[in-house]
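K.L.:
Once you've had a glance at the structure underneath, I'll fire off some questions.
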Amino acid sequence: MARYIFITGGVVSSLGKGLASAALGALLQARGYKVRLRKLDPYLNLDPGTMSPYQHGEVFVTDDGAETDLDLGHYERFTGRPATKADNITTGRIYQDILTKERRGDYLGATIQVVPHVTNAIKDFVLSGNDEYDFVLVEIGGTVGDIEGLPFFEAIRQLGNELPRHHAIYIHLTLLPYIPSAGELKTKPTQHSVKELRSIGIQPDILLCRTDREIPKEERRKLGLFCNVRESAVIEARDVDNIYAVPEAYHAAGLDDEVLAAFGIEPRIPPALASWHTINERVRNPEGDVTIAIVGKYTGMKDAYKSLIEALSHGGIANKVRVKLDWIESEVFENEDPAPFLEHVNGILVPGGFGQRGAEGKIRAAQFARERDVPYFGICFGMQMAVIEAARNLVGITEANSTEFGPTKEPLVGLMTEWLRGNELEKRSQSGDLGGTMRLGAYPATLKRGSRVSEVYGGATEISERHRHRYEVNTAYKDRLEQHGLKFSGLSPDGVLPEIVEYEDHPWFIGVQFHPELKSRPFEPHPLFASFIQAAMVQSRLV
């Protein structure tokens, strides 16, 4: 039977519960255990698919087409286990399911209440599908004390009593702020956070304390005394120089040993952390630097590009170089010459996005890369803008544009109205809902034999990648674009949807309709990112 680890947060938000959960999952996995990670999000949205990147950050898409929290990206990158739609749920989804059942009459006229109906639905979700796992780590979004989180805290409190003894523990992630004027770490915020947690019936077994310095023994003793935990269970989670150092740091602090002790388990083998050590050695001792310009729409909120940042880092790890990022708001290029901003970079990446704002700036970035032979990587929207640039400046279709921005005489990019998912036909219309209506999840693509992208994938002609888009490049323009050098080197298996474009006579210019960053791992860098960084190294004359 699976054992459950519930991870909560206190004092402030954005402490890194998702990263802490992922790192602990990696440590348990390194000890030979089978691990599953799940996320409970208290917000009322059905999913984050329609939420602003500035509020929520990245939407992480799974193979089965779920739009989920970015923490699931951490889970995948640290454990290598693909997440599914069954690993993330929101209050909105729970309420939708309950109200659907109520309308059907499933509750036989009962009064629907938070307790027991909402809490039971949460418990059913947490306990479902875990037979093959040794440990299930469940992260509760938000911080203790949030009104919207109360049903989730009540549900995990009940589970602590309902599961067999030694089958559930609670880890509370908290902050120990350092006050320079006092010259000491302050424990009072953590004491109050734990007091709040205990007031709703949850006694943490382990305190995971975020700090920028060593926790003095006296402060550990005080935390143990006033928070009612063993002193050994006060774990120092000190800041590290890169996120892939977290598993080793947590192991050195004794987190995994303390978790096993809380379950009454004698450690059977030490964790196999050699691969994590190798990654950190490469991160800390690079053989050179490359600079990549990210020309995006949401550069003020780096979390909007979380998987992208990590995938570029993985490309650097694969090539033993440090990847420096130069963030450029794409709107700047609508009024400024791109050259002063881009002449010093070794590669240009134009990521996904939605809407007209900043689109012309992305088109100009693609033009600069094409004309100056700078490696260019266009992802989703970035591929579409590269195609529009080619149509305007190579083919001479001056009015080339996307119907996403409004009516146009030359729709190089248009709304997808139907496509195949397996054997089922998906259909969409211009007037349809925004939420959950995109082409989402893993889809196959057929690569042109002998193309650059086929070589990048090791000679493969069939691949599967994750998508999140509503618009597509119009194949009616395919022949004219190819006559001017822009090759369609990847298509959907039925030949209807363009998946990849490239210039054969360019050092490295590839646009993809999918999101390869979602499948990159530190141990297995995505081949497109590894190849892109390698091309940037050539550009920088490192090789």
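The backbone N, Cα and C atoms fix where each Cβ goes, and this holds for glycine too.
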K.L.:
Of the candidates K123, K217, K222, which does Swiss-Prot annotate as part of the UTP site that also includes S13, K186, T187, K188, P189, T190, Q191?
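P.N.:
It is K222, as the record lists it for that site.
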K.L.:
In Swiss-Prot, S14, L15, G16, K17, G18, L19, R238, D239, V240 are given as binding ATP, so which of D69, D71, D303 is in that site too?
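P.N.:
The one candidate that Swiss-Prot places in that ATP site: D71.
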K.L.:
Rank the binding-site residues G18, P189 by the number of other Cβ atoms within 10 Å of each Cβ, and give the residue at the low end.
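P.N.:
Selected from the binding-site residues G18, P189 on minimum Cβ neighbours within 10 Å: P189.
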K.L.:
From the Cα of K186 (UTP binding site) across to the Cα of G18 (ATP binding site), what is the distance in angstrom?
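P.N.:
Counting only the Cα atoms, the answer is 24 Å.
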K.L.:
Looking at the recorded positions S13, S14, C380, whose Cα is closest in space to that of G353 (L-glutamine binding site)?
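P.N.:
Among S13, S14, C380, C380.
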K.L.:
Tell me which residues of the chain lie with their Cβ under 8 angstroms from that of Y54 (L-glutamine binding site), as long as they are six or more apart in sequence?
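P.N.:
Y298, G300, M301, A304 - these are the non-local Cβ neighbours of Y54 (L-glutamine binding site), listed in sequence order.
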K.L.:
Quick one: of I147, T190, D239, C380, M383, which recorded positions lie within 10 angstroms of H515 (active site), measuring between C-alpha atoms? Sequence order, please.
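P.N.:
Of everything listed, what lies within 10 Å of H515 (active site) (Cα to Cα) is C380.
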K.L.:
Report the member of G16, G353, G382 (the binding-site residues) whose C-beta atom has the most other C-beta atoms within 10 angstroms.
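P.N.:
Per the Cβ count, the most surrounded site is G382.
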K.L.:
For E139 (Mg(2+) binding site) and D71 (ATP binding site), determine the Cα separation and express it in whole Å.
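P.N.:
Rounded to a whole number, the Cα-Cα distance is 9 Å.
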